[in-house]
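Please read the structure below before turning to the comments.
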Amino acid sequence: MNPLIMSIILATIILGTTIVMTGSHWLMIWIGFEMNMLAIIPMLMKQHNPRSTEAATKYFFTQATASMLLMLAGIINLMYSGQWTGVKLVNPTASIIMTLALAMKLGLAPFHFWVPEVTQGIPLSSGLILLTWQKLASMTGLYMISPGINLNMLMTMSMLSIAIGGWGGLNQTQLRKIMAYSSIAHMGWMTAILIYNPTMTLLNLVIYILMTTTMFMLFMINSSTTTLSLSHTWNKMPLITTTTLVTLLSMGGLPPLMGFLPKWMIIQEMTKNNNIVLPTIMAITALLNLFFYMRLTYATSLTMFPTTNNMKIKWQFENPKYLSLLTPMIMMSTLTLPLAPMMMILN
């Protein structure tokens, strides 16, 4: 893609997200979402093949439907409150419709079907933006309306997302689909704590973005899209293989790595609010995610598929990109668990 066009697209995506995050007027928030959606579609289609076109079309229809519901909720709120400004929704119907719209944009279950399909059909770089940056605006919207959200509806969607995110990733060999299902599960964890402690949701979002970015950068360095191609990392980059192992385990939430911190803090916060059953179910369901990440770890680092002799010396000729950026990213996404006491004080 032309660098000038790419710069304009990225600037529009950033501007759209910024408008949503700083806006208090429902019409401006809707405009920010529309800018964001229309700007990312060319990035999804930059490979010019039928799969990318199909993925971009699915993304467009889903996001357009969610934007329509968002506008409907804003209009209903206008009818009852008499103003566009103010993010507090005074009408329960408007609150429910707005929650459904933002859940559809985030990819929460039962509106999750588009996430694996779209992620599978686009390049890794576009998948990184879709599963990280594109979550910021929608999660900010949920944060804004969190005081008026229907608790039962939100917790139902959260539990479904955590369960489907774990079950859906079990039989996958495509890395992009695994990351998509992992994203659905992580969104479920974040929205589960939204009612009790919205600030903790934002902290967990930062940790999720950090880990997912690190994971996608490792995939892009190896040009890996399947479990089999990831298993060849030993031959190409032995050092990267070791870091991939640790990052995968962190994504699975294994202590004492950074990925364990969000689950620990969420379970602790929900337990303090006398909610025992749901955190127990969430913790058990999280084992599904850990299982498929352990399977990826085994395929990547603990076994080596049959290869030719030429493949075994490829590591001498590799000059990986992103290495200067990747080192601090890996350290932050795996080794920052000792900062947990400070983060808990901030909450």
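Using the three backbone atoms N, Cα and C, a Cβ is placed for every residue, glycine included.
What Swiss-Prot lists as transmembrane segment is 3-23, 25-45, 59-79, 96-116, 127-147, 148-168, 178-198, 201-221, 247-267, 276-296, 325-345.
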Going through 3-23, 59-79, 96-116, 178-198, 201-221 one by one, which has the most CB pairs that fall under 8 Å from the transmembrane segment (127-147)?
201-221
Give residue numbers and ranges for long-range contacts of the transmembrane segment (3-23): same chain, 6 or more residues beyond its ends, CB-CB under 8 A.
29, 31-40, 42-43, 129, 133, 136-137, 140-141
Output the single range from 59-79, 96-116, 148-168, 178-198 maximising the number of Cβ pairs under 8 Å to the transmembrane segment (247-267).
178-198
The transmembrane segment (59-79): which same-chain residues, six or more beyond its ends, come within Cβ distance under 8 Å?
26-27, 29-30, 33-34, 37, 40-41, 44, 89-91, 93-95, 97-98, 100-102, 104-105, 111, 114, 118, 130, 141
